[in-house]
Amino acid sequence: VVPSKKIKRRRKKAYVCQICEKAFDKPSQLSRHCRIHTGERPYKCELCPRAFSQKGSLQIHMLKHTGVKPYECKHCHATFSQKGNLQAHIFKLHTISVAEGRIHKCPHCTCIFGKGRSLRAHMTKVHGIYAKQEVNISVTAGNSYDVDKEPERPKPQQQQHSDTSNKGSKCSLWLILNSII
């Protein structure tokens, strides 16, 4: 006797959107999908005017009000309210190409970064130390740092824009930043 194999048959998706003809297995999936077309947002935040088409989106939004950030970076201990934001953070800051010699290690803690500017920002924010931009701060270069204890305030970019509606005027952001420095 040969054991019979269970043949998994592909279920026909019985619930079809009348607007775009996308098919779903469950009526709840179709209902959720239809909100894309109607713009309905039944899940309303009780603390602000925001509303969402999906319950999960409201739950994620509520983390902004509570301040809960359950996802922590194992490299630098930064915290995030969403897993995707943590993954993006790790990819941007901690994906390191050893072959290219781009390993930037903080001399004050165990944090490592793939970009020198990320390390400089970390040193300023976490340790209150300003590392000058022209300094090579890669592990492969021997960890030589030129640091100031007092963080310097960055100077706003002072170039003029060639905006056709207001030729020759300085950028409004430059004016705001320049007035507070």
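We count from 1, first residue shown onward.
Glycine too: its Cβ is placed from the backbone N, Cα and C atoms.
Quick look at what TrEMBL annotates:
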COMPBIAS  146-155  compositional bias 'Basic and acidic residues'
DOMAIN    15-42  domain 'C2H2-type'
DOMAIN    43-70  domain 'C2H2-type'
DOMAIN    71-95  domain 'C2H2-type'
REGION    144-168  region 'Disordered'
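Away from its own ends, the domain 'C2H2-type' (15-42) comes close to residues 51-54 of its chain (Cβ-Cβ under 8 Å, at least six residues beyond either end). The average pLDDT for the domain 'C2H2-type' (15-42) in the predicted structure is 93. Taken through DSSP, the domain 'C2H2-type' (43-70) splits into 12 helix, 4 strand, 12 coil.
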